[in-house]
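Notes follow once the structure below has been shown.
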Amino acid sequence: MQMGVGGHVSISTIFIFVFFSILLSSSEAAIKPDGNDFHVGFYRRTCPRAEEIVADVVLRAMSRDPGIAAGIIRLFFHDCFVNGCDASILLDSTPSGAPVEKESPANGGTLRGLEVIDEIKAQVEQECPGVVSCADILAFASRDAALLSGLSNHRVPAGRRDGLSSRAADTLGNLPSPSSSINYIAGIFATKGLSLEEMVILTGAHSIGVSHCSSFDYRLYNFSSTQRTDPDLDMLHASYLSAECPGPQSLLGRVKGDRAVNFDHLSPHRLDNAFYVHLLQGTALLQSDQAMANDPKTSRIVHRMAFHPIAWSRQFARAIIRLGSVDVLTGTEGEIRKNCRSVN
């Protein structure tokens, strides 16, 4: 999941309050409330083994590659943040012929877990043809990936329908970059009906997975016109990262290319609150993540999550359920795809 992207913006307290009040009030409808078409146990009668099948496939995939969990969770985030949780990120093409979301600069070449969703869909279609949406499969798979990585178990509402369109252009302004400011990222979350605290909580998913050197190596070699290295980056950790991501001018750097580095090199597959501990230590990879420890609007939340692992786990589960409710299609909206990669 690549939700970070940063610099600090100097802005008065009054303006901050008004800015976020407007954003939050204008996005109250972004998250759909539960109803007859969207609830826990949606497939209890129509496909009772749906969630069991999802869990089995995710378990097998993670037994082969524990790192696939982060890929699945990131797929879910990137899907929901672009026109809602409608599985549009899974489409290879649409009738319009326009470039799809997975081909956008924010996604191109970095998405993982697509083949896991394909396997789940194939098995579910054998069990219950034309019943379970790709959007719900992605939500269930994200929950199971998080659970197998250490998160508390939680029940996921279902009843999502699959979208009919996917446009790379729609990722612009919806998926932050690793250098986006806290105000910018918080604004995006607000348009999804998610609070500043939920932004900090959900970014904790960066306790697993990887980031590529190209997303943060400017912090090591070309941070600003006056500082070669980001002063918010711990010096010892900067030295470690320089070995992992040699400067492009070095022979080793040219050989290694844009390699992937674990967000947490101590427990790369454990989804926990260690992310916030790293923020306090100045060892986050992304500038946008590190900024949360220093910004007065978010630092208090970071400190609280760093010292309360159980509280973070519970709040993450609640926040990701709310994320999975963003602009969902229900009832007769959209469709139930036969193949997650193409519209019917």
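Glycine too: its Cβ is placed from the backbone N, Cα and C atoms.
Quick look at what TrEMBL annotates:
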type	residues	note
ACT_SITE	His78	active site, proton acceptor
BINDING	Asp79, Val82, Gly84, Asp86, Ser88, Glu101	Ca(2+) 1 binding site
BINDING	Pro176	substrate binding site
BINDING	His206	heme b binding site
BINDING	Asp264, Asp272	Ca(2+) 2 binding site
DISULFID	Cys47-Cys128	disulfide bond
DISULFID	Cys80-Cys85	disulfide bond
DISULFID	Cys134-Cys340	disulfide bond
DISULFID	Cys213-Cys245	disulfide bond
SITE	Arg74	site 'Transition state stabilizer'
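Features per TrEMBL, on structure.
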residue : record                : contacts (Cβ under 8 Å, 6+ apart)
Asp79   : Ca(2+) 1 binding site : Cys85, Asp86, Ala87, Ser88, Ile89, Leu90, Glu101, Ala135, Leu138
Cys80   : disulfide bond        : Lys192, Leu323, Gly324, Val326, Asp327
Gly84   : Ca(2+) 1 binding site : Gly163, Val326, Asp327, Val328, Leu329
Cys128  : disulfide bond        : Tyr43, Thr46, Cys47, Arg49, Ala50
Asp272  : Ca(2+) 2 binding site : Gly150, Ser207, Pro309, Trp312, Ser313
Cys340  : disulfide bond        : Ala87, Leu90, Leu91, Ile117, Asp118, Lys121, Cys134, Ile137, Asp162
By Cα-Cα distance, the member of binding-site residues Val82, Pro176, His206, Asp264 nearest Arg74 (site 'Transition state stabilizer'): His206
Other CB atoms, at most 10 A from the CB of Glu101 (Ca(2+) 1 binding site): 26
Among Arg74, His206, which are recorded positions, the residue with the most C-beta atoms within 10 angstroms of its C-beta: His206
C-alpha spacing of Asp264 (Ca(2+) 2 binding site) relative to Cys245 (disulfide bond), in angstrom: 15
For the binding-site residues Asp86, Asp264, the one whose C-beta sees the most other C-beta atoms within 10 angstroms: Asp86
Candidates His78, Val82, Pro176, His206, Cys213, namely the recorded positions, that fall within 10 Å of Asp264 (Ca(2+) 2 binding site) by Cα distance: His206
Chain-mates of Asp79, Val82, Gly84, Asp86, Ser88, Glu101 with C-beta within 8 Å of site centroid, Ca(2+) 1: His78, Cys80, Phe81, Asn83, Cys85, Ala87, Ile89, Gly163, Ser166, Asp170
Least buried by Cβ count (within 10 Å) of the recorded positions Cys47, His78, Val82, Cys213: Cys47
Cα separation, the residue listed as 'heme b binding site' to Cys213 (disulfide bond) (Å, whole number): 15
